[in-house]
């Protein structure tokens, strides 16, 4: 408190001195708040908290992490849209919250409502099955589905996997019936118990797959799933669809260019910090990062691809 | 054996025991305060463990979870305000007991049956984890649907005075549980454009609003009715008897044992969780009541039926977690993130990779049970005095915690308004004899019932006859049928 009074006086003096010129005080002058769109303790929350120290070190101001879970990150993005576009408010969600959800559900935000600051890690999304089925990869599943009179069933966790599987079913002329589940853990339980033929999972399957109780049929990303490089990607099998789902950091549209540049630089710096890399490694999410314009280009491409797949 | 001893030694270091005690105290507080829920407390506690050793961190979190389940009974008994949604069934008999001047007896029954359920479930986890987890995987969509139908058949048993009104309330609960995103197509249903409703009406808002806030409205009404002759009495009969006798224990023990078994079952099967487990146990035990039992009017058996099951769920939900890597409850799912934070990936390999840590966790879980018994026993005498405080002082505090707790669940004022609205709905329902209890059963079971039914229809190709390929499902459906016939038989009660 006492220490900050002289600091404030100096800042006020500087501000007065600069009044004559159009320059503004340098960003950031106060703490930056990141609202995580998922509950505390989950993947997005853990990754954001691991990065927050490095972020505040490079910004020179504290970074406050809050949680506002709901609607798969949608609640936090709805709130973010209404917040002042000054660079002090960011939200953390996952790629599909912004690249996919606006196409399907009736959310009040779209891809053009935000500035894209940074994205960390890639969820190891994959299609998995019991090894006892005797399949080697996803092309065997397609062959099996062609022979099955009623088609095959798979445990689904998001609308994203339903769009992907629908595109494949139409291309191959097969029936793949999604069985909705509440999340990755339930989807993995359904496939382990033999209640469905295969499952889509964004990462829960990893421990079972590492133990050999499940096998990876195909990865959904542009690169193979780390640790299961022998399994093909859907792209590699000739389907023109992929999903690169990352933990993304967004700001409201129209934040000052200088603030955006500072934030992007801080995220680039934070991506190299050991605590963040450790957390990403434990969650099998690699060390891939994207920032600023590159990130915006990639997520817009994903959004366009999902839009096309749904038509 | 050597590894087991090393693990036990880790768990019995001063630092680990202090972590357990800290966790128990925090959890007990969260459990006692209405609205502050177990998953929320765990989420807040996870970052506190960043700097602890893995065993200390997990012991701390296990302490929080166990004690919040046990502490939840306190508010349920004394204020008709379950500290946790999972203590909902404890209010059915706990609060009438407190009104009758048996608050301490009810609190003691709750504590001992909690610790018993918890301890037995922990031992089952230690001894039988691998074989039980395999069984849990057999519970597919068809089996789950029949378990849900079985659970819904108990609406008939819990309807109170009027069966038709009980069923109407239950259906209303089912109906309100369909608000939110459709599980299959992710289309918003009855959300009226509120993104806050995408995940449904918040559970905490429903239980806190319908039970706690409704009860406060009833008490306010009573205060207004007594206007002019304001009495300093608390509305509770004075406590004459505070002791549990051997005859009480003998009477309650079979119920506790059965409730523990049901709680373990609810923990192992992913998705059921403590709230459904405790409600199921209460309903089953009520159905199996002996002559002379007074379930619903203040019977120690009712308290034990709910609490033993509630507390058996958490240790049991670690069975599928340790054996196959799948959490059996929301709390277990949050524990997964804590494990991963400390470099342990729960799953089939965990016993090969970290045996010492797992044994350490087992030992600290037993330590936690014992600490919980002591803390609970000390706290009980203090909390029982709440019955001496006049309502005009209690009501504002309870309403304050109702508001804070529902706000914390999702960090939006929307939840608070939902809680208030449901509170007024509950008040109106009670006024006209519609059961809040069957409403909550419908509301809690609804989403899981809908999801399992729709899953079952897909995997069986919409063929109802396919159920005969699933013997477990047939068993539950027959049990549901028997339950309905038994209850509707005239001349009973």
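Every residue gets a Cβ built from N, Cα and C, even glycine.
Note that the structure is predicted; figures quoted are calculated from it, not measured.
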Of the residue ranges B:299-317, B:470-488, the one that TrEMBL records as transmembrane segment: B:470-488
Contact ranking winner - B:12-33, B:115-137, B:197-218, B:388-407 against the transmembrane segment (B:321-345), Cβ under 8 Å: B:115-137
Proximity of the transmembrane segment (B:197-218) to the transmembrane segment (B:388-407), 3+ C-beta pairs under 8 angstroms: yes
Dominant neighbour of the transmembrane segment (B:357-376) in B:12-33, B:40-62, B:470-488, by Cβ pairs under 8 Å: B:12-33
